[in-house]
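**Student:** Starting off with a structure, shown below.
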Amino acid sequence: MKMLTRLQVLTLALFSKGFLLSLGDHNFLRREIKIEGDLVLGGLFPINEKGTGTEECGRINEDRGIQRLEAMLFAIDEINKDDYLLPGVKLGVHILDTCSRDTYALEQSLEFVRASLTKVDEAEYMCPDGSYAIQENIPLLIAGVIGGSYSSVSIQVANLLRLFQIPQISYASTSAKLSDKSRYDYFARTVPPDFYQAKAMAEILRFFNWTYVSTVASEGDYGETGIEAFEQEARLRNICIATAEKVGRSNIRKSYDSVIRELLQKPNARVVVLFMRSDDSRELIAAASRANASFTWVASDGWGAQESIIKGSEHVAYGAITLELASQPVRQFDRYFQSLNPYNNHRNPWFRDFWEQKFQCSLQNKRNHRRVCDKHLAIDSSNYEQESKIMFVVNAVYAMAHALHKMQRTLCPNTTKLCDAMKILDGKKLYKDYLLKINFTAPFNPNKDADSIVKFDTFGDGMGRYNVFNFQNVGGKYSYLKVGHWAETLSLDVNSIHWSRNSVPTSQCSDPCAPNEMKNMQPGDVCCWICIPCEPYEYLADEFTCMDCGSGQWPTADLTGCYDLPEDYIRWEDAWAIGPVTIACLGFMCTCMVVTVFIKHNNTPLVKASGRELCYILLFGVGLSYCMTFFFIAKPSPVICALRRLGLGSSFAICYSALLTKTNCIARIFDGVKNGAQRPKFISPSSQVFICLGLILVQIVMVSVWLILEAPGTRRYTLAEKRETVILKCNVKDSSMLISLTYDVILVILCTVYAFKTRKCPENFNEAKFIGFTMYTTCIIWLAFLPIFYVTSSDYRVQTTTMCISVSLSGFVVLGCLFAPKVHIILFQPQKNVVTHRLHLNRFSVSGTGTTYSQSSASTYVPTVCNGREVLDSTTSSL
């Protein structure tokens with residue numbers, strides 16, 4: 001005990017020396033409120049703002065100072081009148097001004113510990129007559145302290161009070177440092193630590209996608225630790241800090257102007273996050289007004305919903321988003337405060353200064369050239385609005401009272417007065433066993449819900465709940481409007497928010513990318529990017545990645561996904577289809593007409609001489625070639641694809657097999673006549689039909705094997721240069737389709753060779769010549785078709801149309817060169833369709849190397865066509 005006393009005396013000496021020096025330095029005249037009681041609570045409030053230059057204290061702080069001070073007095077009055085809370089115990093107060101400075105607050109707080117340092121043990125000091133020593137000017141013994149306001153003040157005071165085990169409850173200090181119980185083990189607060197607020201602010205930025213912002217913090221624990229917590233939360237959400245500024249304690253206008261100039265150096269950081277004390281916030285907004293700078297402010301509860309901060313600079317603050325601790329107004333305090341005036345409030349030595357400042361008048365005769373205050377002036381709803389932390393001041397006083405009440409009930413169970421065990425308070429026991437365990441419903445709160453419960457967590461912190469305000473101009477009047485709240489999660493009414501430029505501002509290092517662009521982040525920087533356009537066939541998997549939709553798919557309009565492209569193919573109503581189909585129909589009609597004419601005149605000499613069996617086969621092939629146009633225009637399907645593969649080669653094989661059989665027959669007959677050979681074999685109609693069918697069968701077998709090895713089907717085909725179009729095609733390559741015509745090409749070549757060999761037939765015996773014309777023209781068509789087919793491979797419409805027209809032209813060549821002359825004679829020159837001379841093949845005789853005829857005129861008769869029974873004179877038919 002003696003060792004402790006010596007330590008306390010030593011501490012007193014050290015503090016007293018510094019304290020007396022400070023008094024001398026500042027010509028100090030103490031203002032304080034001292035109201036005696038059984039238990040006394042200390043109070044620290046920023047009644048004056050910090051001064052400028054050499055002055056410690058500045059103007060009266062109307063809201064954070066006077067209102068909060070009166071809130072403590074109001075709470076003390078209510079508790080002393082309460083019959084259930086500390087009945088029989090009167091609470092007193094000792095309230096001091098901090099002048100919004102931590103160093104000044106520390107000097108003031110020495111008054112709270114003087115009682116502990118100067119307390120004399122009565123048992124050790126007695127008078128000779130046995131009586132105890134009389135102690136004069138004994139300082140009030142402080143049971144606990146309510147305050148301070150700023151975190152820097154509370155930290156300094158907490159370091160002092162912990163030495164003397166005096167519990168402390170703050171109503172506004174939110175620095176995260178104060179949650180460290182190893183250093184601030186007698187500190188509690190009715191407000192949450194700043195890291196909750198920092199998290200809420202970061203979530204607001206992320207909500208509006210503000211990823212590149214500037215920050216300004218007040219020097220000291222509130223601003224520095226708050227902005228540090230915000231930066232940690234910002235990093236977790238990929239939010240970058242463009243520039244981080246700090247406002248010192250000098251409170252010089254130039255420093256605020258300098259900060260604004262620095263903020264303007266980052267034009268893309270349109271949002272500025274403020275973790276500042278109220279006076280610093282006011283000066284910064286004023287500096288922005290002087291510079292005519294426009295920012296979107298996101299401010300902590302240091303700004304909150306205070307009118308004094310934006311007074312005179314409302315246009316600069318318009319659109320600001322501010323946070324304020326969630327609280328309910330104490331209506332009973334409104335009535336109490338509005339009843340005060342300088343004539344009935346004598347216990348508050350600062351109230352007269354407050355009154356003069358608020359109403360811009362003087363309570364003395366024309367002091368400072370001001371008008372004399374009217375005695376009818378009053379505080380009312382037109383000039384008063386309850387400060388946002390009044391509830392927390394009241395809750396702090398009641399929390400201390402509830403802790404003392406429980407301690408008194410425990411230590412003094414048989415009395416409502418203070419027993420000896422309570423006269424010397426054990427601060428450690430009061431804090432840990434009672435204060436941290438209190439749990440009660442906030443007084444004067446009409447809502448009896450979970451949000452109205454007052455309690456502390458294991459770190460002595462209050463619960464984290466915030467209101468979000470937006471500074472607006474409605475009907476020409478500026479005001480704060482609550483637009484959301486935060487309690488672990490953010491809830492915002494975006495439609496209620498007003499912005500300075502009537503739209504949600506952007507605050508990003510780089511300009512937003514267009515809807516079809518992705519962000520390419522710059523190395524080492526998570527907030528700056530360049531915009532790279534996605535390819536037309538890519539969608540945005542996220543804002544940093546363009547992904548290929550894949551073949552046959554295309555990105556949606558909003559580029560959030562892909563959809564299957566519709567299959568494109570030639571439709572019957574397309575111009576690409578109408579032309580080929582018209583040509584094919586015309587050709588098919590011509591073919592039918594020729595067949596009709598031939599059938600009707602089937603037994604006439606001309607039809608017989610033409611080799612009618614091969615003619616019908618040839619006409620069937622021509623008709624089939626016209627049908628191919630319909631197969632190529634039709635929508636691809638497995639059946640259509642099979643018919644295409646089977647029909648294309650087969651139609652040509654039928655035509656050219658018939659022509660090859662015919663030209664081969666002519667060539668063999670003339671070779672026989674010229675060489676005097678015996679009658680050629682296999683020149684009868686049936687033989688020629690079988691030869692022709694055999695040639696056709698080869699093609700059918702080849703195509704059948706092809707269909708078996710490669711089953712017909714469809715495929716979705718996309719050209720690399722035309723990804724937006726999906727073509728529905730048969731599942732064969734164009735090259736495979738042409739390879740399948742190899743056999744037909746061989747037939748064409750052989751036909752052409754035979755036609756060339758028989759080109760010197762007698763002039764009046766010229767069917768071979770017409771076959772030659774047919775083959776030459778066919779070769780020209782196909783030589784022209786092949787390059788066009790391959791060159792137009794990128795446009796399936798042109799390619800298909802070219803194929804259809806080429807096939808139809810091949811049919812027209814056969815009809816025009818071979819059948820048109822015959823039809824013309826049959827219909828318009830029937831006199832030529834007769835028999836005048838006949839030469840039987842059995843009259844051939846072979847002698848030597850030549851062939852002779854029994855008639856002397858035989859040399860003037862040359863067979864015109866292959867016919868196993870007879871050869872007609874050319875005078876019968878020129879064909």
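Count begins at 1; order follows the chain as displayed.
Glycine is no exception: its Cβ is also placed from the backbone N, Cα and C atoms.
As listed in Swiss-Prot for this protein:
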SIGNAL    1-22  signal peptide
TOPO_DOM  23-576  topological domain 'Extracellular'
DISULFID  Cys57-Cys99  disulfide bond
BINDING   Ser151, Ala172, Ser173, Thr174, Tyr222, Asp301, Lys389  L-glutamate binding site
CARBOHYD  Asn209  N-linked glycosylation site
DISULFID  Cys240-Cys527  disulfide bond
CARBOHYD  Asn292  N-linked glycosylation site
DISULFID  Cys361-Cys373  disulfide bond
DISULFID  Cys412-Cys419  disulfide bond
CARBOHYD  Asn414  N-linked glycosylation site
CARBOHYD  Asn439  N-linked glycosylation site
DISULFID  Cys509-Cys528  disulfide bond
DISULFID  Cys513-Cys531  disulfide bond
DISULFID  Cys534-Cys546  disulfide bond
DISULFID  Cys549-Cys562  disulfide bond
TRANSMEM  577-599  transmembrane segment
TOPO_DOM  600-613  topological domain 'Cytoplasmic'
TRANSMEM  614-634  transmembrane segment
TOPO_DOM  635-645  topological domain 'Extracellular'
TRANSMEM  646-664  transmembrane segment
TOPO_DOM  665-688  topological domain 'Cytoplasmic'
TRANSMEM  689-709  transmembrane segment
TOPO_DOM  710-734  topological domain 'Extracellular'
TRANSMEM  735-756  transmembrane segment
TOPO_DOM  757-769  topological domain 'Cytoplasmic'
TRANSMEM  770-792  transmembrane segment
TOPO_DOM  793-802  topological domain 'Extracellular'
TRANSMEM  803-828  transmembrane segment
TOPO_DOM  829-879  topological domain 'Cytoplasmic'
**Student:** Give residue numbers and ranges for long-range contacts of the transmembrane segment (689-709): same chain, 6 or more residues beyond its ends, CB-CB under 8 A.
**Tutor:** 613-614, 617, 642, 645-646, 649-650, 653-654, 657-658, 660-661, 664, 682, 740, 743-744, 747
**Student:** When each of 577-599, 646-664, 770-792, 803-828 is checked against the transmembrane segment (735-756) for Cβ pairs under 8 Å, which one has the most?
**Tutor:** 646-664
**Student:** Just give the helix, strand and coil counts over the topological domain 'Cytoplasmic' (600-613), going by DSSP.
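**Tutor:** Tallying H, G and I as helix, E and B as strand, the rest coil: 8 helix, 0 strand, 6 coil.
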**Student:** Rank the recorded positions Ser151, Thr174, Asn209, Asn414, Asn439 by the number of other Cβ atoms within 10 Å of each Cβ, and give the residue at the low end.
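**Tutor:** So among Ser151, Thr174, Asn209, Asn414, Asn439, the recorded positions given, the one with the fewest Cβ atoms within 10 Å is Asn414.
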**Student:** Might you confirm whether the transmembrane segment (770-792) is in contact with the transmembrane segment (646-664), defined here as three or more C-beta pairs under 8 A between residues 6 or more apart in sequence?
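**Tutor:** With 3 or more qualifying Cβ pairs, these stretches touch.
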**Student:** Select one residue from Cys99, Cys240, Cys531, Cys546: among these disulfide-bonded residues, choose the one with the most other Cβ atoms within 10 Å of its Cβ.
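**Tutor:** In terms of Cβ crowding, the pick is Cys99.
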**Student:** For L-glutamate, what surrounds Ser151, Ala172, Ser173, Thr174, Tyr222, Asp301, Lys389 with a Cβ no more than 8 Å from their Cβ centroid?
**Tutor:** Ser149, Tyr150, Ser170, Ser175, Val191, Asp194, Gly302
**Student:** Please work out the number of neighbouring Cβ atoms within 10 Å of the Cβ of Tyr222 (L-glutamate binding site), leaving out its own Cβ.
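**Tutor:** The answer is 31.
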**Student:** For each of the recorded positions (Cys57, Ala172, Cys361, Cys412, Cys562), count the other CB atoms lying within 10 A of its CB, then report the residue with the highest count.
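**Tutor:** Sorting the candidates by Cβ neighbours within 10 Å, the top entry is Ala172.
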**Student:** Which residues in the same chain, at least 6 apart in sequence, have a Cβ under 8 Å from the Cβ of Cys527 (disulfide bond)?
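**Tutor:** Non-local contacts for Cys527 (disulfide bond): Thr211, Tyr212, Asn238, Ile239, Cys240, Gln508, Cys509, Ser510.
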**Student:** For the topological domain 'Extracellular' (635-645), give me same-chain residues lying six or more residues beyond its boundaries with a C-beta closer than 8 angstroms to one of its C-beta atoms, as numbers and ranges.
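**Tutor:** Hits for the topological domain 'Extracellular' (635-645): 569, 571, 628, 703, 706-707, 711-714, 728-732, 737, 740.
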